[in-house]
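Structure first, then comments.
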Amino acid sequence: MTQRPQLPIASMVGALDAMPVSVIIADAKVADMPIVYTNPAFEALTGYTSDEVRGRNCRFLQGPDTATEEVTRVRRALQNGQSVQAVLRNYRKDGEAFWNELTLVPLLDANDALVFYMGVSRDATREANLSAELDHYTSHDPLTGLPNRALLEERLEQSVRLSQRYKRELAVVYLDLDGFKPINDHFGHHFGDRLLQKVAKRLQALIRPGDTLARVEGDEFAIVLSDLANATDVVIILERILAQVAEPMNVSGMDVQLSASIGVTLSSDEVEDPMVLIQQADLAMYQAKQRGRNNFQWYSGDLNASVAQFINIRNQLSKAIETDQFSLVYQPKFDLRSGQCTGVEALARWTHPVLGEVSPNEFIPVAEKTGLIVSLSEWVIRRAAEDFKRLVLADPDLPSVSVNISPLHFLREHFVERLAELLTECQLDAQYLDIEVTESVLLKDPETTVRKMLALKELGVHLSLDDFGTGFSSLNYLKRLPIDTLKIDRSFIADLAHNKGDAAIIQGIVSMAHHLNMKVVAEGIETKAQYSFLRRALCDEMQGYYRARPMPLDDVAQFLALHEGLTEPEDDEIRPTLLLVDDEPNVLRSLNRLLRRDGYHVLTAETADEAFELLAQHQVQVIISDQRMRHMNGTELLNHVKSMYPGIVRIVLSGYMDLESVTAAINQGQIYKFLTKPWDDKELRDVVRKAVRLAEVP
Ligand SMILES: Nc1nc2c(ncn2[C@@H]2O[C@@H]3COP(=O)(O)O[C@H]4[C@@H](O)[C@H](n5cnc6c(=O)[nH]c(N)nc65)O[C@@H]4COP(=O)(O)O[C@H]3[C@H]2O)c(=O)[nH]1
């Protein structure tokens, strides 16, 4: 056994004085262990000089918050002559508390007898505060100071257990502020944050100390109302919440009025997983939104499947970008005269590992609602810019790639600046990017739209107004917008062959756009009839399944490489075209034979529907219709033709002499000539020749 060196305290003092950590030595031979030495670092830590503390027991450093269990543990170690470590809440001379990370070691003499205790201290206040802050941070929302979702779930679990044990009612409330996002987007996040803090304060004032109010995310709050004597108490609280949220709030000198949509559910004995209650309240909240906002709805168990779908998508969407579940497809657009490809539109596709293909019509509105649309769109722009470089290799004349930008994103502060940054990052010249914004931006905020569009033009991007015709744009604003292209919404195209209103709207849009120096693209062209009608209506470009569907990148590259601008002239562009309408196939056959000989391009129809399809497809000069057919009346048909295609010369060829309708039709200018069956070949050919000449006069 090695001999322990005997260290008289006096010989150690020089070294201890120089130590950067606080050292204290107490005499262990005396019952109360008085202090016999402290070094200068002790004074720096506690504020006490050596003279002030010599002869006293260390307990003067303790205070009201010092944990008694820790002190007892230290005392026991000292009694047993053992080393001990502890972190004690101590107090400096000026009363300020600090965390003392203390190590006490016994000093023994040569005979192993305990003579002194040496205490080495370190100020651990910073770490302790940090860890407390961290605890708070992980369980609280930094903006409002309210519990976050994690703490809400913890408290809910406890509350459900207590309510089951004591047979009390418990309700979970889910609250979403109506119209908060536009305010946030419009006035900026700082303003939005202040507003959320005010709302949080008001809500907090309405609940009891045992309840939990949490900010779940964005403008969504949840409340656990526990220990309710009966369920009807909830109604009173909810009414108060609605009223309080609706009271104007003053933020930065501006009065803002909000409302809330609230969903509520009650805990029942059957609930095994308390988290289900949050989902139920959330579902009910969406129902409240659907029912017109500023109201509350109880969860009923059989909520609308579409609401459940909405929530499901919302929950999945946030992971989708990170896990690479999105892709892009491209749909080409074509010039209606040359047939050349005038660009491709990027359309987002989401393939979820379980849900499969989710339509953009489902996920885009959800992405808008949750704000995820911004990161999604930025991803789309980046990917489209990259893909465009590949597509110009396939078609060096490809003018641009179009991306859809949702109104919410478009109207966000700094949208234009951010786009400029993205273009620089992607090294894409602005002229190759076409931004498609729906007409609804004009409804939301026309002045900002005008300002942003001017800035975008300055940047050099191409601008298209999408879904045109659905948003009732103010024409006043339209003429101020630096728009390059109007895209006529698909809904006007679908029925244009039969609906005279749609046909007239299209003609009106084309003529107005051309006057404003804009091009017109018709969307959703599926049939030859629609295609031909739009060509004749002088529409500039088309997009639709009739020519090309949206395709993955490789396919569209191949398509562009092989595509040649075509458009053979149509028959009716070379020869005068006649349309014969009769429900008797034999009559149609003999008329066709007779008139073809005169060099006309002859079309035949047995029904009104067929006739309108053909009229949409072809430039018809003269229509000859039977008067009494099984499903229609000739003069009615011609009346309809007159309003849709006023330039077509109309002739009735009837087996009956219904004088009344004939004279009415002639008087109203609906028909040019009335001929009777059986017809005289020569007379008929004469009348048709004159009618064709009449139709050709502009
Ligand atoms: N029935 C029919 N449909 C046709 C025809 N030709 C094209 N379509 C479809 O019409 C939609 C045209 O895009 P949109 O009006 O911008 O309408 C888009 C657009 O508003 C939105 N969307 C798609 N991708 C994005 C995106 O990346 N960002 C944003 N913000 N919105 C997007 O979702 C909407 C729907 O997209 P999709 O389902 O891809 O649907 C596309 C396209 O597939 C046709 O001949 N017949």
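The backbone N, Cα and C atoms fix where each Cβ goes, glycine too.
Fair warning: this is a prediction, and the values are worked out from it, not measured in the lab.
Copied from TrEMBL, the annotated features are:
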DOMAIN    8-81  domain 'PAS'
DOMAIN    82-136  domain 'PAC'
DOMAIN    168-301  domain 'GGDEF'
DOMAIN    310-564  domain 'EAL'
DOMAIN    577-692  domain 'Response regulatory'
MOD_RES   Asp626  4-aspartylphosphate
Helix-strand-coil residue split for the domain 'Response regulatory' (577-692), DSSP-based: 54 helix, 26 strand, 36 coil
Recorded stretch, among 82-136, 168-301, 577-692, maximising Cβ pairs under 8 Å relative to the domain 'EAL' (310-564): 577-692
Cβ neighbour count within 10 Å of Asp626 (4-aspartylphosphate): 24
Secondary structure composition of the domain 'GGDEF' (168-301) [DSSP: H/G/I, E/B, coil]: 57 helix, 43 strand, 34 coil
Counts of helix, strand and coil residues, the domain 'PAC' (82-136), according to DSSP: 12 helix, 30 strand, 13 coil
Model confidence over the domain 'Response regulatory' (577-692) (mean pLDDT, whole number): 85
Number of helical, extended and coil residues in the domain 'PAS' (8-81), per DSSP: 36 helix, 11 strand, 27 coil
